[in-house]
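For reference, TrEMBL has these:
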{"type": "COMPBIAS", "residues": "563-573", "note": "compositional bias 'Basic and acidic residues'"}
{"type": "COMPBIAS", "residues": "584-597", "note": "compositional bias 'Low complexity'"}
{"type": "COMPBIAS", "residues": "624-633", "note": "compositional bias 'Basic and acidic residues'"}
{"type": "DOMAIN", "residues": "17-410", "note": "domain 'Cation/H+ exchanger transmembrane'"}
{"type": "DOMAIN", "residues": "509-568", "note": "domain 'Sodium/hydrogen exchanger regulatory region'"}
{"type": "REGION", "residues": "537-650", "note": "region 'Disordered'"}
{"type": "TRANSMEM", "residues": "12-29", "note": "transmembrane segment"}
{"type": "TRANSMEM", "residues": "35-56", "note": "transmembrane segment"}
{"type": "TRANSMEM", "residues": "68-85", "note": "transmembrane segment"}
{"type": "TRANSMEM", "residues": "97-123", "note": "transmembrane segment"}
{"type": "TRANSMEM", "residues": "135-154", "note": "transmembrane segment"}
{"type": "TRANSMEM", "residues": "199-223", "note": "transmembrane segment"}
{"type": "TRANSMEM", "residues": "230-250", "note": "transmembrane segment"}
{"type": "TRANSMEM", "residues": "317-345", "note": "transmembrane segment"}
{"type": "TRANSMEM", "residues": "357-377", "note": "transmembrane segment"}
{"type": "TRANSMEM", "residues": "389-409", "note": "transmembrane segment"}
Amino acid sequence: MDYHHVQAPFEIVLWIMLASLAKLGFHWSGRVPAVVPESCLLIMVGLLVGGVIYGVRHSAPPTLSADAFFLFLLPPIVLDAGYFLPGRLFFENLGTILWYAVLGTLWNVLGIGLSLYGVCLLAGSSLGDVTLLHCLLFGSLIAAVDPVAVLSVFQEMHVNEQLHILVFGESLLNDAVTVALYKLFESFLRLPSVSGADVLLGGCRVVVVGLGGLCIGLFFGLLAALTSRFAIRAQVIAALFVFLYSYLSYLTSEMLHLSGIMAIVTCAVTMKQYVEANVSERSNTSIQYFLKMWSSVSETLIFIFLGVSTIQDVHMWSWTFVCSTLLLCLVWRATGVLLLTAVVNKLRRNAVTFRDQFIIAYGGLRGAICFSLVFLIDDFPKKRLFITTTIVLILFTVFVQGMTIKPLVELLEVKRKKRALPTVSAEIHGRVIDHLVAGIEDVVGYWGQHYWKDKFEHFNRTYLRPFLIRKDRQGGSSILRVYQELERREQRGDEEAPPPPLLAEARIQSRPLLPEEMDSIRQILSRNLQNFHNKQTPAYSRHSLHQEAAAGRTGRPLHRHHSLGERNTRDTSTHGPQGEFGQLSSSRRLRSGLSRSHTVCSMSLRPVHQDPEVPSQGGPTESSGREDEHESVGRAPRKQINFFLENEKQ
């Protein structure tokens, strides 16, 4: 047996299989998902597997290397988060998110680093060899709020949109800042001495790293959109360009020592609307499924390897250092959120409430990013202590804070997310409000977010869309595009969240309908509701693809109500002079087949008898018209609105 020939791919497949089975077992574990977050159970599985490996081999199990995490596991998770990022909410709260991500991270890094250095000085000889730069380096990696851990917990709670986007956006951009600060302090450690000029250049380097990643992502995003324009004859590989250009932007940024996280998020946000317009519905479905599958597998592997990597021989324990780190992380994050929110609330129309501030401060979960960064530290006597403290902090935040944050949300009665389905009318009214506010800002001379958003939409509609989208995809109605976007959003809305256990049990216990009951339901629906199409749209499932659903949906024309002027014109041309009085032909009334009733309003300018005893008829006849001609001239004519039920053929 030649096991060494297939050892690497075989072990990779086994790890992926273990992660998938653990995730599957979690969702079939009854009421456990309602109490324990998925990340906690996966870490416990990793601890169990690591213990078994350690007991059998009598050596440390394999660890999650930093290269494997940053180059293979983190990109799909960040790409999924950026591609499905709620753009409207994100850009409306972008100032607050940057306020938390940049200034909040600096506050935490400096506060934790300086405080830990003071603790080391007070501890004496046991921690005396830890320098200030080592404490700042450790503070930069320990302040990284992990988006993987945050997403896995907050998606299960369904908090309100503003709170979710603030926590998620801050954790997403926080990583770019912490990685840049980590590399900065790491370069300072390798210098013989640090001067003020080095600090100034380091600050400029952090800005360049972030802006450079932003530019790289923007370039590859526009390039992906342009490539998808010419993929009409090869729709099979059209979805592949989304992953290739995104991953290429991440690798290019890492190669140039820029922010790969900023690059891949910017690339995903940039190319999304153009790629979705160019590719087919089947390709869009393939992109959605593959992104969700790829990110879910990566997230599961990360948490399992966190548990496996905990079983090590490199631990060093210090009660003073570990407990001080836990306390300082909580204190500095809470004070930072309170102080920064007090400032930013003066500039926001919708203030961040105290309950939301508590959840933001309490939801600062740590994960695989700080775990991977701590192993990259150059060897020095207290590196093992840093590794042990990082693992303890990860387990504390994921288990203690992750398991108690949901009861706290319910106890504090934090506003939850509205579960109502999105509607076209709500979206259109929102756009009307945006245009109205943008016009008001333009009139008063105030350049707010609506003003700049309106300018960007004009630039996008005039220059970018004609250049990046095919001509046959540009002429569609904006309302139709809104409808298609809401349909995609509704399909992928709650696919990650499994049905509640009680609901699942109720579905299992419910009996199937009898044939006569089904016939009765069909008769009721055929008499009272609209026409049933032969090809039904299947329900959205993340485990199977319905390829014909999109084709059947897009091939069916959208029926619209005719306006009042069109109704009057059509009636006039069909029924002659009597059409303007609302006459409907008998053939129109006696259409066969399933139909939908619409209320049609016809308006006529004719004198009306003011005798209340005379009932109003559905439509005027010729005799009533002649009688009206002999009415007194002095009687003022008035408008009368007649309503008819018109059967419109489906």
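Every residue number used here counts from 1 along the chain in the order it is shown.
Cβ coordinates come from backbone N, Cα and C, glycine included.
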Most Cβ pairs under 8 Å with the transmembrane segment (35-56), selected from 12-29, 135-154, 317-345: 12-29
Per-residue pLDDT averaged over the domain 'Sodium/hydrogen exchanger regulatory region' (509-568), given as an integer: 52
Annotated stretches the transmembrane segment (357-377) and the transmembrane segment (68-85) touching (3 or more Cβ pairs under 8 Å): yes
Contact between the transmembrane segment (135-154) and the transmembrane segment (12-29) (3 or more Cβ pairs under 8 Å, separation 6+): no
Closest-packing stretch to the transmembrane segment (230-250), where packing means Cβ pairs under 8 Å, from 12-29, 68-85, 97-123, 317-345, 389-409: 68-85
Ranked first among 12-29, 68-85, 97-123, 389-409 for CB pairs under 8 angstroms with the transmembrane segment (317-345): 97-123
